[in-house]
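Database features, via Swiss-Prot:
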| type | residues | note |
| --- | --- | --- |
| DOMAIN | 1-72 | domain 'Core-binding (CB)' |
| DOMAIN | 85-243 | domain 'Tyr recombinase' |
| ACT_SITE | K149 | active site |
| ACT_SITE | R210 | active site |
| ACT_SITE | Y242 | active site, O-(3'-phospho-DNA)-tyrosine intermediate |
Amino acid sequence: MKEYIRPFLNQKNISENSKIAYSYDLEQFIEEVHDRITETNLRIYQASIKDFKAAVQKRKLSAVNQFLYFLYQQQLIEEFHRLVLPKVSVSKEQENELLDLSAFWQESSVPRGRLMALLILEMGLLPSEILQVRVADVNLDFQVLKIEKAGQKRVIKIPESLTSELEDYLTGTYLFEKNGKSYSRQWGFRQLEAFLIEQGQASLSAQSLREQFILRQREKGIGLYDIAQDLGLKTMITLEKYR
């Protein structure tokens, strides 16, 4: 049945990234029903996704329903089946929580730690990546940042809100430097830690701020494929829990 996914997607006027997301959901569906569309198999599939967030279930069922209708139109199945999202209650504790970190935009006595936090929160950068950013890699006119890590290059959009924050740091060779040399990771860790303590957010870390970036992107409707590209990930495996 997987051979019908491509013809189904080809008839849809959607982006390549959307096609990848559709294909991923449909391949999972076909594997779960073992290539046989029956009421029992459909119930088994629906049970297999019941622990996902309601929004994720809705997206998956929408893709499956469209695919089922396509199969029915092409007379590949005898009757049209439609899956309906059940009413489920998900406890707050089970959900990843979006934090209100608007205070990060206020002035700080640890300005460099503050900028590091904002670059992680708004762009998903790793501290090690931030410390290696050269001034030449930052283009405020086009609002893009070039990152090179382990031979992999990527270009990331700089949010409008960060352009003015970066301006004061574009004077040397590196974004953060001393005598033309980039600071150590330990220095970066201390700067970030000092800022988070100042903000009363000592329990947060670079990793949790990066998670907040992912949650914010998902809240905006950004797909995991695009997020993985921005983060420089080779696969989406580590992002599965955000589906």
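Glycine too: its Cβ is placed from the backbone N, Cα and C atoms.
The local packing around K149 (active site), expressed as other Cβ atoms within 10 Å of its Cβ over all shown chains, amounts to 12.
Separation of the C-alpha atoms of Y242 (active site, O-(3'-phospho-DNA)-tyrosine intermediate) and R210 (active site): 13 Å, rounded to the nearest whole number. Around the Cβ of R210 (active site), the same chain contributes I120, G124, L126, L231, each under 8 angstroms and 6 or more positions distant in sequence.
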